[in-house]
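Undergrad: Supplied in structure tokens, the structure appears directly below.
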Amino acid sequence: MKLSSLPGSLIIAAVAALSFGTSGALVKPMLEAGWSPTAAVTARALTAGVVLLPFALYSLRGRWSVLWLGRWRVLGMGIVGVAATQLAYFAALQTIPVSTALLIEFLAPLILVGFVWVSTKRMPRRTVLLGSALAVAGLVLVIGPGAIRAVDPVGVVFAFGAAIACAVFFVVAARPAEGLPPIALAAFGLLVGGVVLGVLGVCGLLPFTASFADLNVLDTVLPWWVPLLVLAVISTAVAYAAGITAAGRLGSRLASFVGLLEVIFASLFAWLLLGEQLTPVQLLGGLLILGGIAAVGEERVELAAESLPPEEPLRHEAAVVDSGEATAAASTH
């Protein structure tokens, strides 16, 4: 990625986080109306996949060999990035509080930092370590210090499973495209994930119930399909397409840190749409998360400067090396 394209890539990543952040406020009325989490996620993924499918087919332009070459990325995105993440997260919620599950799941960026550290045997730069510390502190403040407490170990294991699956999402999304457009990876990954969840639900392995009654959203009664369509288009189709595009440009590490903005946006939407309280402590946490993202992003600027010959001025664009992430991703898939 060129240094000049960094701001645009960060904007795409922020759009993904913003879109993902709307999901909680939209899916809550569905769950309250009798939808099981598995059914809601299945409908969300399949609908989003169908919405993206025409764009995916257009981007492929009949190059089915490209889709075949990227089949393992599609399967990884669908089975792990979509299905496993959701399954592990909702399984964790059966025994631990939502705040605790969220805090653990959003440790995915630290998992990536640690994995690259171990696999390359190179300690991350101080800016990355500083950014990690700021981001974790911000997460605790936004989600709530009460998330750190004695909880059921089984729930913690499932929550860490969700965090690992989330980290895999960023690794799969950041791998070399080999000609597979990001929107195609998003569309077919969502369809695969939706089918997997649907099969598990229909077979009775997971609770699978849906309600077609009208939903109360913002004190307005709407047909059930309206919130579902908004959830599928904004919170899923746009979110996954933008998230995969951003990860391909930024690399898995920086994209995962920018993804922490989802916690901030989710809190804002819960405040605006559901009337949930937003405290000054949470706002401070949001600032710390932004500081963490800025610190991690600074590494890319430093790497760009180091990659230039001594006689070449910095104003020339330079290719940015992703600090071992490409090697780490290639070694796992």
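Heads up, the Cβ atoms here are built off N, Cα and C, so glycines get one too.
Taken from TrEMBL, the feature domain 'EamA' covers 10-143, 155-295. Residues or ranges marked as transmembrane segment in TrEMBL: 41-60, 72-92, 98-118, 127-148, 154-173, 185-210, 222-242, 254-274, 280-297.
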Undergrad: Where does the mean pLDDT land for the domain 'EamA' (10-143)?
TA: 89
Undergrad: Restricting to the same chain and to residues at least six past its boundaries, which positions have a Cβ under 8 Å from a Cβ of the transmembrane segment (154-173)?
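TA: That would be 73, 76-77, 80-81, 84-85, 88-89, 91-96, 100-101, 104-109, 111-112, 115, 182, 185, 243-244, 247-248, 252-253, 255-256, 259, 328-329, 332-333.
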Undergrad: Between the transmembrane segment (41-60) and the transmembrane segment (185-210), are there three or more C-beta pairs closer than 8 Å, counting only pairs 6 or more apart along the chain?
TA: yes
Undergrad: Does the structure show the transmembrane segment (98-118) and the transmembrane segment (185-210) touching, where I'm treating 3 or more Cβ pairs under 8 angstroms (sequence separation 6 or more) as a contact?
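TA: By the criterion, they do not touch.
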Undergrad: Could you give me three numbers for the domain 'EamA' (155-295), the DSSP helix, strand and coil residue counts?
TA: 104 helix, 6 strand, 31 coil
Undergrad: Counting a contact as 3 or more Cβ pairs under 8 Å, with residues at least 6 apart in sequence, do the transmembrane segment (72-92) and the transmembrane segment (185-210) touch?
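TA: Yes, the stretches contact each other.
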Undergrad: Short question: which residues 6 or more past the ends of the transmembrane segment (127-148) have a Cβ under 8 Å from it?
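TA: For the transmembrane segment (127-148), the sequence-distant neighbours (Cβ-Cβ under 8 Å, at least 6 residues beyond its ends) are 97, 99-100, 102-103, 106-107, 109-110, 113, 253, 257, 260, 263-264, 267, 281-282, 284-299, 302, 323.
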Undergrad: Counting each residue once, how many in the domain 'EamA' (10-143) are helix, strand and coil under DSSP?
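TA: Summed by class, the stretch gives 113 helix, 0 strand, 21 coil.
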